[in-house]
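Undergrad: This is the structure I want to talk about, given as structure tokens.
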């Protein structure tokens, strides 16, 4: 089906909309047939793929300095162990400290990386930036008194900010790095969590077992912990350079994250597989530095304007900080109002970017109007108009009509993560850049010299995998995402709870896994600004723990806390009542947002119900936070079971 790229402006007719919807479905069917569910390789469980998991940033000298301190930390029994030292783990630690009931010395953070930052530690590819405004994304700006350098911060600056937070709250010496947690086991007799895994030496292959004991454990390892490597046929037949964007190899490419002049690629034929939010930042850099660049694309990205610019100190002080203490949270809430498409929007759009001009993204993250029966029908024309502008932008910026056609996205805006960049599309005007559209046949196989796609062998010096992260569809629990076996009372595992009918209290704790807290989207709030959602989890868990400690009698040394059965089932009913808010995702092109095209209608009724229990809070992040704050204000810890032991 051929439709004009300018189709569907403000005056679009019903017939035109039907044509576009038919085009959307046509593209969806093409991709379902060519891909369906892609099998990924578990890189941490496959010796042949360990190269994709190794840490290229850990300095041997740094490992030596930390070894003795970490041995001491491992020997002691700890009050709280947090798994993950990215922003999630840091926010849990900071909010606990701010209650006044816990000190930094009560907390240990454990991470497989060699430093703070989480995904911002691992990702250091050229062009890396965050596409959520830095003034709302970088947490604790008021507390650290830091002004971001640009509206959209570089990955380097964000990682430095994680280190800044750790230093301010005395957490720098409370982390055990290069440590892979493999299991959490509840010891019923001692009422503690036994945390076990391996400590990595200078060489990742040198592994020593470790064990920690903790009264409380918090899982904050994040959703982007493991690079996704598709199981392409004969991938290891390839004799050239092969690496993942999350483990960028500057030794091969030349340059650095501070200076992405990649002199090592000057005479190289380079391929990048994938055109998601990562690739659109890398492609302009590779285009400038490679002799030839081949971009392998299955689904075109919908790329809007980013419009980054340096922070003006005077404006930052007068306009952004101008309304006094609490400015960052108010700005975050303002941003959420637009992205969740609240019925009554604020009079001023403080962030004023591409995200806040996309009310249809509320179909994915939920919003106050999401449960209304006609909401999808009402929001669809608005989204179609936006997508039409995105398609027009492609043809305006890309000189070749054929290439522009291949780069044109035909799907609802909420189906694939929106992208924002000012150089990506123009890169395809360069004579050394070739787009390879693989949406019909995909990549057939790798060869010693390159790979085969669409029946053509491409001889390549280097292949870069921009294929994202493993987001398990059937292992959606925090333990499944992190590859950690979590076993609670009576042998109940976290995986079983998620698979067999999840119930939580507020999306942060679940029965039979006592003294364990977690971050995630299942039965919790979702929003564009991930650090805001993580912070709300952290604030809530800190409240529950600190209030429980206040209630602990002085003659009791042990506290065991978990939801009541009634409490977590009541919360789950609230989730189920709002699950229909996400119904718009069902007809999307395959991707991690919809289980790579999983057809829920083919599941048995009980399986569909179990999936619905995994949903986020369907009425938007503001409604979720209101529910938590209302619960906290009552002061009763309703739905929480506390046991005090001498």
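The backbone N, Cα and C atoms fix where each Cβ goes, and this holds for glycine too.
Pulled from Swiss-Prot, these are the listed features:
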BINDING   119, 120, 121, 122, 131, 132, 137  FAD binding site
BINDING   129, 130, 131, 275, 276, 277, 278, 279, 280, 281, 298, 299  NADP(+) binding site
COMPBIAS  1-15  compositional bias 'Low complexity'
REGION    1-20  region 'Disordered'
SITE      417  site 'Transition state stabilizer'
Undergrad: Within 10 angstroms of the C-beta of residue 131 (FAD binding site), what count of other C-beta atoms is obtained when all protein chains are considered?
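TA: There are 21 such Cβ atoms around residue 131 (FAD binding site).
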Undergrad: When the Cα-Cα distance from residue 280 (NADP(+) binding site) is computed for each of the binding-site residues 119, 120, 132, 137, which gives the smallest value?
TA: 132
Undergrad: Using DSSP and collapsing to three states, where does residue 129 (NADP(+) binding site) fall: helix, strand or coil?
TA: strand
Undergrad: Roughly how many Å lie between the Cα atoms of residue 121 (FAD binding site) and residue 278 (NADP(+) binding site), rounded to a whole value?
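TA: Rounded to a whole number, the Cα-Cα distance is 15 Å.
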Undergrad: Here are some recorded positions: 298, 417. Which one has the most Cβ atoms within 10 Å of its Cβ?
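TA: The largest 10 Å Cβ neighbour count belongs to 298.
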Undergrad: Specify the secondary structure state of residue 280 (NADP(+) binding site) as given by DSSP, simplified to three classes.
TA: helix
Undergrad: Using the alpha carbons only, what distance in Å do you get between residue 129 (NADP(+) binding site) and residue 120 (FAD binding site) once rounded?
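TA: The separation of the Cα atoms works out to 10 Å.
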Undergrad: Are there residues of the same chain, six or more positions away from residue 122 (FAD binding site), whose CB falls under 8 angstroms from its CB, and which are they?
TA: 55, 57, 113, 246, 247
Undergrad: In this structure, which of the binding-site residues 129, 280 has the fewest other Cβ atoms within 10 Å of its Cβ?
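TA: Looking at the binding-site residues 129, 280, the Cβ with the fewest others within 10 Å is that of 129.
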Undergrad: Rounded to an integer, what is the Cα-Cα distance in Å between residue 137 (FAD binding site) and residue 276 (NADP(+) binding site)?
TA: 20
Undergrad: Within 10 angstroms of the C-beta of residue 137 (FAD binding site), what count of other C-beta atoms is obtained when all protein chains are considered?
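TA: Taking every protein chain into account, the count is 23.
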Undergrad: Does DSSP put residue 417 (site 'Transition state stabilizer') in a helix, in a strand, or in coil?
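TA: Residue 417 (site 'Transition state stabilizer') sits in coil per DSSP, no helix or strand.
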Undergrad: Let me check the 10 A CB neighbour count of residue 276 (NADP(+) binding site). How many other CB atoms are there?
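TA: That number is 20.
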Undergrad: Between residue 298 (NADP(+) binding site) and residue 119 (FAD binding site), what is the CA-CA distance rounded to a whole number of Å?
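TA: Rounded to the nearest whole number, the Cα-Cα distance is 24 Å.
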